[in-house]
Each structure stands twice: as C-alpha cells, then as structure tokens.
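Peer 1: For reference, the structure I am asking about is given below.
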C-alpha cells in the first residue's frame, strides 16, 4: 500500500507544494491524479503517469511524468494542468475566506486507488483581515496585513475574484479590490474615473497606509485586460498614482467612453467584427477585431500615458489570442520613449495566453465574453503559461516594493 506526503502547513494558494509518494513496489508504474471543484460546481482534473525508483518512491521535484496532462519534471504540474472534461471553463474562486480543496490520489495500472489525500490551499495568510467596504459610492473588499505601515494597491478586478488581492496582501500590501463593472462606475455607456479616484482616496486614508511621520508615496494599481485600460487612464488623468501594473492591456480604449469630472476624456475604439476569426462553431479569436487607433479620427481613444507621473510595469503574453498584447505593449513603450520617458519596464512571455493570474491555478484556454457573446480563445500553451505566471507574480511584488515602499529604517528612526 502506498502512502503520501503532499504538503506542509500552512499551504498558501500561490506557494509550491512538495508531492511525494512512498511505499510502492520498486519501479512500479502508477497514475497520479488531482481534482478540485470550484465555487460554480465545475470539476477540474489532471493526471500523470510516473515510475517509482528502486526504493518504491516518487518525488515530483525529481521525477519526470511519462505521460498524461504533461510530461517531464514539473513539481506543480498536477495543479496547473488541471482542466474541465467538457468545454473549457475559467476557474471560479471569489470568496477568499474558504480554502480551495484539492484531492490528490495515486492509482495502480488497474485504476485501483492506492493512496489519497486532500490539500487545503489557503488564500488568506495569518493575521490578514478582510473587510467588505460600503462607503460613499465605493464598494469593494479591503485586505490588510498585521502590523504596518504598508504600501497601498488598488486592484481593478474584472471577474469579482478576490484571489489576486488577497494573495498580494499576504506579501505585505494593503490591497483594496474593486469590481470594474459595478453600477457606480459603469452605467452601460460610460466608465467614470471619479469612482476609482474615490477608491484611491479611501485607500490612502487607511491607518496602516498613512503614517503621521512618513510621507505618503501614492497608490499602486494592478489590473489586466480591460481593467488595465482604466489603470492606465487613472495614471494619466488622476493625481496620486505612483505605480501601475498593466497585464495584457492596451492604451486604446474600447467598448465604452471614459469620463472624468463630468467630461469625456477618452472616446471608444470600435470593433470590426468582420475580423473575428471563427476556427470552429464554439470559439472565436478576437485578436484582430479593433480598428486602427492611429487613424486620425480614432486618436481620441488613446490614453496619453506620457502624462503619468508614476512608473509602469508592462507585461504581455506573446500567444495572446484575445488581444495582440505584445504589439500593444511595444506601442506603449515606443510612445513613452518618443516623449523622452524612462518610467517603465516591460516583460513578455512566449507561449503564454491572455489570462495571466497568480500561479498554480487551472489553466484557462478560453472564456465567455459578453461583448462578443461567445467563447473567446485566450491562447497560450499550459506549461509556458504556468511558468509565466510564476515569474510575473514575483516581478509584480518586487515592482510594487520598489516603487511604493516607505523606508522602514526611516520609520524606526523617526518613531
């Protein structure tokens, strides 16, 4: 009978786990499986075939998968390779209070279960608080680590998921997650930057952000896809934005106009639906649907990012089938350089798709999009996409620490 040691306590969602199997016969071939059920009831699973060593042991940090959902040495492969058995779905996890349960199992060649263990993957670290905020016009969820002070980050979320905000708070940031498409900011025709400015004002007044003897440095903004357009707009038009993480974003606005102080600041770049690619009856590729933003009559849809006082981290996936993210990023870099700006850094990821998230979640090759009214292909190859998420997640933390963190030695000296 096999036995297994699958994780250490506590196990946070974005931390790697050590997966080992012991007690097998020498050189025994087994199938290892992982399975989870998300908040919408969707079942995600993966499998991989392994051969035990001469001592009847398998260690995913050392041993290569011989086949299945992935091949080769991939210590976290059973997690990132999980997918649904029918049409692809996006992993849904909106409530950060409850851990995500993953069941690992070991099966012999007759599919008999030799060992099974559940792994609880927590989102909230020790001492981190979660508070639902309903103040003035703003609605959102505030995550605050213990002690402080900490840098402040506004997370512009397009999926109502708390995962990214909560996990970043675990790393030493006060993070306020707001839903991009709430009825206070978005009325179906216009997106109001004033709403997000109010959220920034709320965030900077938090006790663990402002410090009576240390100057406030400004807010960081973290956003992807459509949220990144709003993040760039805030940096260009609203004072107090110190750092922006733009993940697979554009500086050309689409779908709805953007307003600030009761004035339209960005027009909308319309879709050219003739350019939708429909490889089969279920999915479409939207990479080429936007009209040329350089056309004179469409220039008003371009965010003047050169006006921003803060710094940018641009991240783009080279295999993004939803948007031409790498080309958009190159265009933003060129625009800043043409204006003599050096307040940016950029990184791109070959083989990665549109939805770059914190690591070790099921890969999502497609997602339903309301604007297109169908399943849109997101692109990417699972292994490359997973590696990109690991690299980018650390880079985001380092970027915010560099651009937002106050000097702790200075704090102690002034106390």
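Glycine too: its Cβ is placed from the backbone N, Cα and C atoms.
Remember, TrEMBL labels are computer predictions, not curated facts.
I grabbed these lines from TrEMBL:
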type: ACT_SITE; residues: 225; note: active site, charge relay system
type: ACT_SITE; residues: 320; note: active site, charge relay system
type: ACT_SITE; residues: 354; note: active site, charge relay system
type: DOMAIN; residues: 191-404; note: domain 'BAAT/Acyl-CoA thioester hydrolase C-terminal'
Peer 1: Could you give the Cα-Cα distance between residue 320 (active site, charge relay system) and residue 354 (active site, charge relay system), in whole Å?
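Peer 2: Each residue's Cα considered, residue 320 (active site, charge relay system) and residue 354 (active site, charge relay system) end up 5 Å apart.
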Peer 1: Compute the C-alpha separation of residue 354 (active site, charge relay system) from residue 225 (active site, charge relay system), stating it in Å without decimals.
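Peer 2: Residue 354 (active site, charge relay system) to residue 225 (active site, charge relay system), Cα-Cα distance: 8 Å.
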Peer 1: So if I measure Cβ to Cβ from residue 225 (active site, charge relay system) and keep only same-chain residues at least 6 apart in sequence, which ones fall under 8 Å?
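Peer 2: Residue 225 (active site, charge relay system) has long-range Cβ partners 158, 247, 248, 249, 322, 323, 354, 355.
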Peer 1: Take the Cβ of residue 354 (active site, charge relay system) and count every other Cβ within 10 Å, whichever protein chain it belongs to.
Peer 2: 28
